[in-house]
Each structure stands twice: as structure tokens, then as C-alpha cells.
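Worksheet: the structure to be examined is printed underneath.
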Amino acid sequence: QNIAVVTHGQANDPFWSVVKNGVEAAAKDSGVKVTYRAPESFDMVAMSRLIDAAVNQKPDGLVVSVPDASALGAAIQRAVKAGIPVITINAGLESSKKLGALLHVGQSEYDAGKSAGEKLKEMGGKNGICVNQEVGNVSLDLRCKGFADGFAGKTKVVPTGNEPSEVRAKVKAALDSDTSIDTIMALGAATAGEPAVAAAKDSGRLAKIRIATFDLSAGFLKAIAAKEAAFAIDQQQFLQGYMPVSFLALHAKFGLMPGGNVPSGPNLITSEKVSQVIELSAKGIR
Amino acid sequence: MNPPGILQSSPAVPVDERIKRISPLAKLMRRPELGAVAGLILVTGFFLAVADPVMFNLAGLVNFLTPAAQLGIMALGASLLMIGGEFDLSIGSMVAFAGLIFGASITVLHLPLLAAVPLTLAVAGIIGVVNAAIVIRTGLPSFIVTLAALFILRGLSLVGLKWATGGSTQLRGIAEAVQGQAFLGLFSGKVFEGLFATLTEHRWLPRFDNGEPMITGLPVEIVWFVGLTALATWVLLRTPLGNWIFATGGDPAAAKNSGVPVRHIRIGLFVVAAMCAALVAIITVLDSGSTDARRGFQKEFEAIIAAVIGGCLLTGGYGSAVGAFLGSIIFGMVMIGLTYTRIDQDWYLVFLGGMLLVAVLFNNSIRKRVTGER
Amino acid sequence: MNPPGILQSSPAVPVDERIKRISPLAKLMRRPELGAVAGLILVTGFFLAVADPVMFNLAGLVNFLTPAAQLGIMALGASLLMIGGEFDLSIGSMVAFAGLIFGASITVLHLPLLAAVPLTLAVAGIIGVVNAAIVIRTGLPSFIVTLAALFILRGLSLVGLKWATGGSTQLRGIAEAVQGQAFLGLFSGKVFEGLFATLTEHRWLPRFDNGEPMITGLPVEIVWFVGLTALATWVLLRTPLGNWIFATGGDPAAAKNSGVPVRHIRIGLFVVAAMCAALVAIITVLDSGSTDARRGFQKEFEAIIAAVIGGCLLTGGYGSAVGAFLGSIIFGMVMIGLTYTRIDQDWYLVFLGGMLLVAVLFNNSIRKRVTGER
Amino acid sequence: MSHPEHPLLEMRNIEKQFGNIVALAGVSFAAHAGECHCLLGDNGAGKSTFIKTMSGVHPPTKGTMLVNGQPVVFDTPRTAMNAGIATVFQDLAMIPLMSVTRNFWMGREPTKGWGPFKRFDVKFANAVTMAEMSKMGIRLREPDQAVGTLSGGERQTVAIARAVYFGAKVLILDEPTSALGVRQTASVLATIDRVRKQGVGIVFITHNVRHAMAVGDCFTVLNRGRTLGTARRGEISAEQLQDLMAGRQEIASLEGSLGGTV
Amino acid sequence: MSHPEHPLLEMRNIEKQFGNIVALAGVSFAAHAGECHCLLGDNGAGKSTFIKTMSGVHPPTKGTMLVNGQPVVFDTPRTAMNAGIATVFQDLAMIPLMSVTRNFWMGREPTKGWGPFKRFDVKFANAVTMAEMSKMGIRLREPDQAVGTLSGGERQTVAIARAVYFGAKVLILDEPTSALGVRQTASVLATIDRVRKQGVGIVFITHNVRHAMAVGDCFTVLNRGRTLGTARRGEISAEQLQDLMAGRQEIASLEGSLGGTV
Ligand SMILES: Nc1ncnc2c1ncn2[C@@H]1O[C@H](COP(=O)(O)OP(=O)(O)OP(=O)(O)O)[C@@H](O)[C@H]1O
Ligand SMILES: Nc1ncnc2c1ncn2[C@@H]1O[C@H](COP(=O)(O)OP(=O)(O)OP(=O)(O)O)[C@@H](O)[C@H]1O
Ligand SMILES: [Mg+2]
Ligand SMILES: [Mg+2]
């Protein structure tokens, strides 16, 4: 069988590379062929063409992420109309059913952000910044928005690039110019989380600042273990790659399909749980 | 050494003994764009050999021609501007900004399509004029001026989207708002749907296994793309304006001294490039029904790549619209084509870079061989 | 009309009556880089007025000079190459690729620092030679050739990282592996720590409330940045090689006809640009202890921006290393500075673009005013 | 003077500075209909700078220009052209990458058709170009050849042919014969003669006293940005002119060793 | 012939094509020490193309080149220079954005200091440049002026002064006097004379028969890519040469109307 996976995350994005690893593991385990495709930037127009291209090849199943239901709707509906079973992952929980997908695996970015915000508020945070390494990428913007809504305190977005040294300098600048900041929410562990920890060290206030991040990286997990950072939100995105592929493989073979959506997270990694995760993270499984 | 006596025997020479016969093929290959044909053939050949054959049925063709056409419309504007000796790096951001203007004028101001489209084009045109005015006034390179515009427009798109949506970076509901309005078919949807339906019925077009047609019509952007290419080619080769564009790019000082209105040409080209981007914004916004702050990201870059593959010189004064057309198709084919192969996505960029390089090298060597240059 | 009688009275003219006195300031401002000083002053003034004053204490200075220095080292290589008339768009990807080579040779091959650094530089140099060879052989514009290299290197970094880590896009444990090795201080950490400690003790440097020093030394990249700027300036202005670089960029055909070894210059410049990127990769990898597939994303672009702000012409043959130095600092300051202000961060890109434009315009108008050009 | 009516083109006290360099320090000059006015002078005297202000390339720092007695300001070369002034610049103002025909017609392309379908009449343009070039003694291989691949003299001839073809009232030639062969030079001088007889005013810059004496009606000598004065034909001999241009310096000694051949 | 020993530089049956255009169809030529060999011919005859193959700018399509009787291949202009050949190209080969001094020394900068501290000796370079230029009759304002802002003649003089200064064995001059004033022309001709007497072989391209006759020892005429033959001084008169160059065509009729001044 052939299963096509089309997502909105670039292949070199650490988060999505884990999803892709999950897809490949499932393909091996279930003995199906998969192709994983994604546009090279957050580009909904290009992504809908990639879905079309995948559908043209009449796959036995289609896995898509849906960060923009109106832009991708037509392409997904075309697949559904052609009788191809579709599972949505990661983003798109709200629109999954409406578009005719069988089910959704994953969790909405907004909800993950919200629960992280609530947790940080619980830990005593009052004034937070959200370090966004790709402003305009709707999934990242939703993470920030969720954080702001859950945190319910004073929040501000700090837009940065992908370069650790630049992120570090900007976070330090933010901390230095507003000494009441006590919470940092980073939207990526390696790109934003680790430099944020370094910046907090540079500004001499590491002890007073709660740092949390989306996704995992070995470096950030070490900081959690050392109690320098608070926690990391893990969507267990490996599952978002693995499960839909094996579901669709089973569907093609035996017509089986679970009855409802599968939430893969959120899962907060705090200092207690960190030790088991570090090695897996370095291998691209968590 | 020749003895001086020879001096008297000046041979009677025929008119053009100094010009060797040249094959019509070589003559054709001298045109800047026709080198790109070689690249196109090479890339097509590669995919024919490697990719799923559905890539080249009509549905597959339309599938990769659609993004190629969207890129191509921008590449046309960019290549005209490049021939005129300037760059516009802000056209990628312009797609996002014009998308915002268009989306907001429909969903926030509730304007009809017939007002929103001219408004969007006008705003783009004004930004083009501003870019041009700064470049001309200060004599700064257009690279740096339009780079500033790149950042500013991208930033304004973000701010504007947040304003228009009340905090989100994604504006939706545009397609619904214009449903059924006059002239919608000019910018959205597909043409020749009747013809395609008949063809599918007669099994001349591919279907899905459950009998659904794979393709229901020709996306309107492909029609725009072909039409604009023809128009740009005509202007470049057959009108005084075209001559002025080449002259402005070739040597602005010499062009000005020969009486070419260099300023006006430059302003006009900036406006055209900006409007092409705005047109792409309108088409893609209507197509996807939404717009977001990342639309058109790095498209300026891809447009320039397409123009260069098609034979435009970065230094100006040389190039063609058909070249940009072919370059966009090559680029679009490589971009989407990977999906039809079994190559791992991780290798995508290596593949893209390799194909570009091979296509351009092949172009170049074929043209040199045929025209006998060295 | 003058009667013909005047013909006899040819006035006795002094030697250089045709040259007006010129102020030493104007003479200075003629240097390409010194225009950028005006931009730097403007931007500094703006932040002094608007930003939190901690931006300009020593810790704040080091904070924005560190990314500026990393960008600046690349901008130096890029500006030398631009003066020589070529582009290298692959230097951003080269940061990721060289980072991979460096990281993998330490963590996978377990090489010592002393072997890993030369290996990384050598690989970068070879890629530079390949780029140069293709450009020279085919006569294709370096824009398109190095663009292909941009994609290919970026893609190879991803593939290589996954290979080296067994599936992750981040390679870590590099800092731990080289701990305590010889010459580590050349590429990592801070210098003058003793001096800074003494200064802090005497309260000449700021401290945190708990008495900890705010700043413990000067990051090593700043030293590299200053040193390389001095070296590049000396080469450009005071050696035959510098003359050849200007000549190659100004008019390659004329330079070649005058006996300048244009090919060798070009190859050398590509190698230098690639090695500068590799040096930045080494420094940043050691600094962060890890490398990932997105390092250096769009840095080629920023390096070119910095060079252009600093007065380099995109067409080659004109520019300076000090200009690239100042341009990098302006760019670094604007990039980080907004975070020190109370301006809404959504406006970041608008602000970045606006500041760039204003700085460059100010540059330009000041220089024209002072030198009396029009 | 012999011209009571207004001159076609008059320049009064033109000054021009580039930054701190003074190129022209007050030069006056007039071109009359049907006359060839020669502008002579040493290298760097300011001749090219002067005629560039005449043809609108750069505005003078100071001074006035009059066309038919009316003060004018030429802000672009196009304005000057529309006033009937055609110029052959010393650097020729050609686009190397473009074909001979396209360069010839640049800025004033002939069109056919109407309204939005008006288009560049390539056939007519090619024919006229070939004809005008062969009138100047150059037989082109093909009108599509890029100007960048022409020989120096061929290129100069294109520029001259173009200016002559479009020179309505005043024709300015900046060292038009510098790269030309014997035959082409003769043909250019003959052309000047012919055009002058049609009532066009000609400004002719040359370093060759023989050429100047052959066609000139009037001679103005520039030196280091100033005019040394104007003389009419017959008021001055070739030797006097030569002396003036060379500043009467080492020339004598050189002439001796070279046998009066310069 | 009068030269039993090997010529400094000999070209045998050189052919050159650009794509489908035949620029040279088999030209032979020799330059001897202490002689000035004039290369004459109509516009587009192929003179510049010919000397470009001599100086290594482009390789000939066919034919052999010999230096002191040894076959050589010049793959770059630098190789030719190292063989002692210096050239003034018709397009001058100058970088407009660079200063006069830097252009003058381009490719052979004088240095001082040693090892890694070897540096461009700016002071010496400036002094030599100013001196060499004033020998040619041009007094520069400052050696730092960009070449792009020099007048046409000033620029040409820089190129000539440079070639003369570095011309070790053979000096090739492609229409060196085309943009020069009377005084500068005289000075260039005198320079040719002086350099020749020092034993340098000179190749001199010109359209001016008087200049050719003044300094030439030998005359070769090219026509449409072929040589019409070579004559030594005294074997041919100025009129014969003129006739040959112009192809004996309309020249007579023109001469009549212009009074024999061309
Ligand atoms: N753009 C410029 N910037 C600075 N100086 C200039 C510029 N243009 C010309 N000059 C200077 O002005 C003077 C006059 O130059 P111009 O070209 O008018 O001389 P010319 O009389 O035409 O000489 P030639 O006979 O050599 O062509 C020269 O000394 C030249 O160096
Ligand atoms: N790169 C080229 N491509 C095509 N044709 C060329 C090229 N270079 C020269 N030619 C042609 O070759 C012929 C000889 O040119 P060349 O420059 O050698 O003439 P020349 O004798 O120097 O003429 P002039 O006296 O006008 O300088 C010309 O007809 C020209 O059009
Ligand atoms: Mg002049
Ligand atoms: Mg020539």
C-alpha cells in the first residue's frame, strides 16, 4: 500500500523531523510505503498543491496537518470525494470532521499553549514573554496566543530569528529592559528554549525566572534536570506520525479504524520525568 | 614576409564573405529564452524517467503548472524590472500586504470585488512608485531600498492582520464574502469547465478509482500567466517601450543621453512588478479563501531565480519574458515534481539545488555549442 | 561674441587653479565606509533617546555586539567578494554545513579541536573553490551558481545531521567533547577575563544587585571581528592584492587585459567568503555547544545587507572592509535594539526596514552634502 | 558681427563644477544656422563638459542658455532633442548588448499600426539603418549585430549616422572622427558640409586642425575651462590655430624631430 | 629581407572567428627590435582583433605565434606581459572607479617591506605616475582622481604612459592618439621614436597616414580580415598608402570638394 503524508512543517524543523521519524517507523512496522512531503516554508498555497499532487497518485490513505482549513479545505475535500481515507494530525482538530477526515491525531497548538500558560501562572508567574522564532507562522502564533490566554498576566511577544546567538541577545535585552519579567515561554526547545536559558544566566536572574518551552531538545531537558528551567511541553509528536500511518495501514488491510480522535498530548516534562526522555530526544524520537 | 609587390593586387571581395552560414537552429538559440528550452527538456526528461507517470497526465500538468503560474506572474514582473536594470525584493512581502489590503477591504470594509481589486492594485502601484522614487531620487541601489520595503511590508502585513482580525495572523472568510459576485471568474476558479467535463465523460481525461474526475477545469492563473507572457513579449520585442526598457537596463546613462525617458521607464517597471505581485495575491487569496502573514515568503527570491534560469542577466539589459515563463515552469516542476518520486523529503533541497544547477549548466552548454560561442 | 583680437591674450594660468579647496572632512567622507559612520551615529542617537539606558552600558554593548560580530565576520567575506564583483549566496547554508562537519568530526570521529578546525576550514575552502570553478568555467552569474549551492548545502546539512545523530536535527555534546583542549580559547568563550574582573572589582564595570559581575570578559568573536576587519582593510588598501580585487570587480575584462590574474583572485575570494562562514560556524557551535539544521538561515542575505549599508556596490569594484564592519554593527544594533524600547514588538519588521532605510538615506545625503556631489 | 538675427543656440558664461573640480570657468559660445562652429582645445580643456551642458546631460552650475534668443533650461537630453539638438557624444552613448538598429533608433522608434497596436516598425528601421550606415562608408554585415561586437570605428559611425539622421536644427559632434578610417573620415566631413548647406547649425569638436580648417566657419579655442576667444574663417591661419591649441609650447622642438607631420 | 635574425614577435597565418563572423582570414606579420611597424586599414578590417591575439586577450582560431623564433601560446594577457609585450588597447582597459595611480600600476604594483608585510608603495607609485603623465604632456590635478572622471584624452594618456613604462620588448599601440590633443599627439609620436631607438619593437595602429609616415619603418595594410601586404619605409609613398587604406574609392571626389584636407 501507499500512504501519503503532507504537513506544513519543514523537514529541517526539529519538531517535524520527529513526526517524520514516526511516519518512517510506522511504515517499517506496518510494511507500507509512505511518502512524506512538506513545503519549504509556512506556505499554505504551496501545501495545497502538494496535497493535490499526492492525491493524483491515488494513495491508499492520506495524512495531513491543517493549520488553515479554508486554504487546504478544497484539496482535502477533493481527496475525500475521490474515496481516499484522510486522517488529520497536529493542527486542525476543529475542522477535521467538517472536511470529511476520519479522525484527528494530536492536540491543538492553542490548547497546548493554554495549558502551559496555566501551569506557569500556577508556578507564580506574573509577567511573561513569548519568544517566537517565526512570527506569522500561524501554528506558532497560536501557541503564543494560547500561552497568553492561559497565563492571564502581562505578556509580550519577542520576535526573533532562528540563530541561537540572536535569540539569546534579544531575550537578554528584554530581560534587562524590563526587570519585572519572571516567565519565559519559548516556542521551540533548541532554537528558542536553550538560548533563553543562556540569556537568563547572562542577566543574572536565572533563579528568579521560570522558563518553559514547547517541544524537546536534549540541551533544554538537561536544563530542566538541573532545575534551571521549569518544564517542556511534549506533544509526543512521534505519535502524530506513527499512529495515523499504522491506522491507515490497518484500514487498508482490514478496514479497521478507531472510533474517535486521539489526543497525543499535552504532556509536561518536568524535572522528575526528564531522565528517561533525554536520550530519546537526542535520537529524534521525542 | 610578403614582398611589397603584393601591395598592388588588392583582391576584389564579394559583399559578405566575412559571414559564415549559420543554421536556423543556431539563430533561434541566440534568443535569450530559448536556451531555457534545453533546461526544460532536461528536467522533463528526468521526471519522465523517475516520477510517477500521473505527473504528466493533464491533472498532473495542471497541478504543477498552477504554482508555476503563480510564481510565473511574479517572475514576469521581476524579469521586466531586471531587464530594466533594477531589482524589487519587496514583491514577496507585497503578496502578503496586497492580500491583506484585498482581504480587509472585502471582509472589513465590505467592498465588492469590483472595488477591492482596483483598490488593491492601486495600493500596490503606489508602493511601486514610492520605491522607484526613492531609488531615482537618491541614486541608492534598488537592492537596499526594496529590501527595506521587504521588511516594512512584511511587518505591516502582520500588524494589519492583527488589526483586521482582532489578534490573529490569519484572515478568513474572504471566499465566502465574494461568492457569486460579478467578474469573480476573472480571478478565481477554473475556466473551460464544460469542456473538461465533456472530455472526462468521454474518458479522455483521468479519473479517480471511484469515477470522480481528477480535473475539472483550467485554473484561471494559468490563463493569466500565458496571457501576460504574450503581452510582455510583445511589448519587449515589438514596441518602442520595449526598446526603452532594454536601453535603460543596458546603460542608463547612454539611454538617457539618447533621449530615452529613463525615469519614467523605471517608475513604470516598479509599478508593473508590484502590480504583478498584487495580482498573484488576489488570485491566491480568492483561491485559498484566506490570507496570512507569511504569504509570499521568499517569493521575490524564487521569481528572480526563475528569471535568471530563463536567461535574464542580473546586470540588466538582457533577457526575455518567454525566458521567465520557461524558468517558472522549470522551477515549478522541480518544486512539485519530487512529490511524484520516491525520493526522501530530506533530500528535497539537495535535489532542488542540483536540478537548478544542472538545468542552468545544460542550458548554457547547449547554447554555446549551437551558436559556436566560446 | 568675443572679437578675434582676444585670441592673442592667452592668460598665464597658475598650476592648479581648476581645483577648489576641499575641507579635510569632505576628503574623509569620500571614503566609501565613512558614509556609514553617519548612519551609525543616527541609529545610536535614536536608541540613546528611545531605548532603555542599559542598552549602552558595557554589558548591553557586548550583548548586541556579539551577534553583530558573528554577522560581521561573514559580512567581511561577503564584502570582499562583492568588491571582487561576485556574490556568494551559499554562505548562510555554509554555516550549517560547516557546523555539521565540525560537530561531526568532534562527536562522531572524535577528532581533537586542533584537527577539527582545519578540517572544517578546508572543507569550506574546497566548496568555495568548486563554486568559483563553476562560475569561471561556465561564465554563469555567481548568483545562480551559489544559489544552487545554498540549497544543496542546506539540504546536505539536514541529511548529515540525521546521519550523525541517528534521526535528530540537532547535534549536541560538542562543547563537552572539547572541554579543556588546547587552543579552545581561540574560538570560544571570553578574553581579557582578568582585566574585566579587576575592573569590576574597582566598580568601573556594572554589577548585578547581588554583587556578581554583569560581564566577565569580551566574547572572542568580537576580537576576531575587529582583527579580521583590520586585516581586510590592510589588504584592500595597502597591498597589490587589494588593487587586484578592486580591478577584478570594477571591470574583469579590463583587469585581465592589464595583467591581473582575475581567475585566481576570484577563486581566492570565494574561498575567503566560505572560510569566514566556516569560522562563524565554529565559533557559534562552540558557543552554543550544539548545531542544528537551521543555523545561518538567511545569513547570506544579512551579510550582503551589512556590506551594502557599509557602502559596497552590488556591481562590484567599490566598497571597504570598514564599511562592512560598520554596516554589521548598524544592522546588529537595529536587530537587537527594538527589544530595549517600549515599541510594540509586532512592529519589529516595520521598524527594522524603516531604520535600515533611514540609515542608508542619511548616509547618502550626508556624504553628498559634504563632498558637494549632486 | 555678421549675424544680426538670434543664433540657433547661445551659451552665456557657462560654469560647471564637479565636486571640488572646476571644469568650466565661464564659457560663452553661439551656433548659427548653416554654420559649422569648431570647438578646439587641449585634452581636459572642458570641451566635452561644455557640449554636455548644451545637450542637457548635466545642468550648468551657472550661466544661461538661449535657443533662438529664448532662455531655456534643458533638464534632460530628451528636452534638448525635442528642441532639435542632436549629439554624438565622445563616449557615443550606445548600449553594447543591443543591436545596431535598436541603438540607431533608441528613443525615437518608428511605429506602425494604431492605438494599442502601435508597434516598432522593425523592417523600416532596419532598412534605414543599413542605408544610413552605408552612406557613411560602412557596410554592415547585418542590422541585428550587437553594437558591443562592432569595431571602434563602426560603432562611432553608428552614432554619427544616428545624430545626422535626427539632427533637426543643431548637430553637435564630439570628436566624431577619432576612431574612423580615411574613407569614413572623408565621408563624415562631406556629410558635415552637406548638412550645413541645408541650414543646420553644427558644433564640431576635433583635435585635428586640418579637419577643422576643412569644414569650419568659426573657431573657438578652450583652455583649462576658459575660452581663448572665437575667430571666423579667414581671420586665422591653421598655424595660428595649432599654436593656440598646443599652448605654443614644446611643439616646435618636437616638430623638428618628426618632420612637421603632426 | 633585412632581418636575418628572428623577429621579436611573429604571427603566421592567424585566423579568428567569433561565432559565425570571420574577423581574420589568415594574417601574417612580424615585429622587429628597434622598428616601428604600422598596422593600417579600414574600420572593421580586423586590426584590433589581430593585436588582441598578439597580446593574449583571445586565442586565435588558427595560426601560430613565435617569440624570438620560439612558438608560444599566450593563454592570458599576463603571459604575454611576462614575455615583455605591453599593449594600449583601443578600449584602454582601465577601471573607471579606480584612481589614476591604481590603474597605472594595475597588475604590477610596486611594493616595499618584506614577507607578509610587503605592501603597495603608494608614495612611489604616485610619484612615478605623475611624472610619466607629465612627460606625455598631461598635468594631472591629483593622482587620486578616479579614471572615470578624466577626459577622453587624459584617460588615453594614462594607458599610453603605462604601456610605455612597462613595455619591455614589444609595445603595441591601438590607435593611441585618437583622442589626443595636438601637443599630446606630438609627445606620443616623440615617445614612440625614443622608445624605438632603445631597441623596443613597436606595433602602431593608426588611421592617420601622416602619423604613420612620421614614425613607421614598416607598413602593413589589412582589409576585411586579410593582409594586403607589407611595405618598408621608402618603398611606398603617403599617397599610395592612403589609396590602399581607403580602397581607392570615392576618396578622389571627396577630396575635391574638401580641398585635400583629410
Ligand atoms: N564627472 C566628473 N567629475 C570630476 N571631474 C570631471 C568630471 N568630468 C570631467 N571632469 C574633469 O573636467 C575636465 C574637463 O573634461 P572634458 O571631458 O570636458 O575635457 P575635454 O576638453 O573633452 O578633453 P578631451 O579632449 O580629452 O576629450 C577634465 O580635467 C576632467 O578631469
Ligand atoms: N566579439 C566579437 N563578436 C563578433 N564580431 C566581432 C567581435 N569583435 C570584433 N568583431 C568584428 O570583427 C571585425 C573586426 O573588428 P576589429 O575591432 O578588429 O576592427 P578594427 O580593424 O580594429 O576596426 P577600427 O579601426 O574601427 O577599430 C569587425 O567587423 C567587428 O564587427
Ligand atoms: Mg572630450
Ligand atoms: Mg580597432
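Any Cβ shown, glycine's included, is placed from N, Cα and C.
Note that the coordinates shown come from a computational prediction; the quantities given were computed from them, not determined experimentally.
Panel annotation: around the transmembrane segment (C:34-51), residues 28, 309-311, 322-323, 326-327, 329-330, 333-334, 337, 340-341, 343, 355, 358-360, 362-364, 366-367 of the same chain, lying at least six beyond its termini, place a Cβ under 8 Å from a Cβ of the stretch. The transmembrane segment annotation in TrEMBL covers C:34-51 (among others).
Residues or ranges marked as transmembrane segment by TrEMBL: C:58-83 (among others). Long-range contacts of the transmembrane segment (C:58-83) within the same chain: residues 91, 95, 205-206, 214-215, 218-219, 221-222, 224-225, 228-229, 232, 236, 245-246, 249, 269-270, 272-277, 279-280, 283-284, 299-300, 302-304, 306-307, 310, 312-314, 316-321, 323-325, 327-329, 331-333, 335-337, 340, each at least 6 residues beyond the stretch ends and with a Cβ under 8 Å from a Cβ of the stretch.
Sequence annotations record features per position, and here TrEMBL assigns transmembrane segment to C:89-109 (among others).
Marked as transmembrane segment by TrEMBL: C:116-136 (among others).
Summarising the annotation, TrEMBL assigns transmembrane segment to C:142-164 (among others).
Within the chain carrying the transmembrane segment (C:215-237), a Cβ under 8 angstroms from the stretch's Cβ atoms is held by residues 58-59, 62, 65-66, 68-70, 72-73, 76, 79-80, 83, 185-193, 196-197, 200, 205-206, 245-246, 276, 279-280, 283, 287, 320-322, 324-325, 328, all 6 or more beyond its ends. According to TrEMBL, the feature transmembrane segment maps to C:215-237 (among others).
The transmembrane segment annotation in TrEMBL covers C:267-286 (among others).
Taken from TrEMBL, the feature transmembrane segment covers C:307-335 (among others).
According to TrEMBL, the transmembrane segment annotation covers C:347-366 (among others).
Across the candidate stretches C:89-109, C:142-164, C:347-366, the maximum count of CB pairs under 8 A to the transmembrane segment (C:116-136) is reached by C:89-109.
Counting only same-chain residues 6+ beyond the ends of the transmembrane segment (C:347-366), those with a CB under 8 A from a CB of the stretch are 29, 35-36, 38-40, 42-43, 46, 305, 308-309, 311, 330-331, 334-335, 338.
Nonlocal intrachain contacts for the transmembrane segment (C:267-286), taken as residues 6+ away from its ends with a CB within less than 8 angstroms of a stretch CB, comprise 70, 73-74, 76-78, 80-81, 84, 86, 88, 90-92, 94-99, 102-103, 117, 120-121, 123-125, 127-129, 131-133, 135-136, 174-175, 178, 184, 187-188, 220-221, 224, 228, 245, 295-296, 299.
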